[in-house]
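Record features (TrEMBL):
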- 240-254: compositional bias 'Basic and acidic residues' (COMPBIAS)
- 261-274: compositional bias 'Basic and acidic residues' (COMPBIAS)
- 283-292: compositional bias 'Basic and acidic residues' (COMPBIAS)
- 326-335: compositional bias 'Low complexity' (COMPBIAS)
- 342-356: compositional bias 'Basic and acidic residues' (COMPBIAS)
- 94-188: domain 'Formamidopyrimidine-DNA glycosylase H2TH DNA-binding' (DOMAIN)
- 230-373: region 'Disordered' (REGION)
Amino acid sequence: MPEIAEGKSSQQGRRGNTFGWIHIRGEQTAYTNYYKRMSDEDKAAWPPKYWKFHLITEDPAVEVAFTDPRRFGRVRLVDCPGDSIRKFSPLVENGPDPVVDPEVFTEEYLRDKMRSRHVPIKALLLDQTVISGIGNWVADETLYHARLHPEQYCDDFNDEQIKQLYESIRYVCQFAVDKLGDSDQFPADWLFHYRWGKGSKGAVGHLPSGEKLAWLTVGGRTSCYVPERQKKSGRVVPGVKEELVDSGKEEKPKGGRAKKVKEEPVEGAEEPKSKGPGRGRKVKEEPTKDEGETLQAKKVVLVKTVKAETEKPRGRRRKAEDETSTTETSASMRTRTAKKTKREEVAVEAKADGRRRSSRLRTKTTSDYFESS
């Protein structure tokens, strides 16, 4: 049982598998970044943090635990001899392992798989039914060494490029297994040492050679690559989102805006033209005597012109208003006079009518008197 567990853990270390990890109590099963980032408290805890499966054997006495923080892994119990486990499901559905099955995983096998599919080369490498044991960082590392673009279609590479990719897969996988996944022993020129800082503060955005790193996102999967080294030589997936890892940003000074450095004038050089009013204090230039008199005369003429232009329409408006007012007043007076005249005529008529009635009354009274006599 310990031999099987150790073999499994070494493969996990090589592949950088995110689906879980095998821990053996009292032993270090790998030396990856995942393991080194664990705190002392987590290292001492047993069963380990995020454990999902705990196995205890009696003879020999061994404790094995399977941890899976992201809960992507699966545990199956297969009743078979240990050396025949790959002949049973689900391992029997997997493709050949570049380290364990070198007689199956050949250059010809890889060429046939690449020519028969039309998917990005990175997706082909991650397909466990084609090749077993290649995870995300191993795929990026092999493509980096082979100088191939991760999102170029796998059927668009020539024979020489396929040969480079095959040799890179064999080299990276075999070296990682030989070192039991101990990343401290990986060569300094491997992409592995610089690919983990995406989105983090102080991330390394370039290799020691100065070549910049970039990330590609297609269908939710990310790839780290070096654009200057891994150039396109064929068709690539449309809609690729590329993001450069920028580690060369200048730090802004604390406490506000950066101070501008005053440039000293160079002797014999032309002074730069002003681009407009700035925020600094303006320097008032004193005009000469002749210039002052000319400016003063211009000001006087300008003031008189403005005053004249302003007053002219104003006088016309006032005249029009006065004429309108006079017209309205005359009409009003005529109306009042007409009303007064009419009232007087009515009064005269009423007075005359009263006199006529009084005369008729007196005449009638005299007539009645003579008739009665």
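First residue shown is number 1, and so on along the chain.
Each residue, glycine too, has its Cβ placed from N, Cα and C.
TrEMBL annotations: computationally assigned, not manually curated.
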Long-range neighbours of the compositional bias 'Basic and acidic residues' (342-356), counting only residues six or more past its ends (CB under 8 A): none
Three-state composition of the compositional bias 'Basic and acidic residues' (342-356), taking helix and strand from DSSP: 15 helix, 0 strand, 0 coil
Counts by DSSP class (helix H/G/I, strand E/B, coil) across the domain 'Formamidopyrimidine-DNA glycosylase H2TH DNA-binding' (94-188): 52 helix, 3 strand, 40 coil
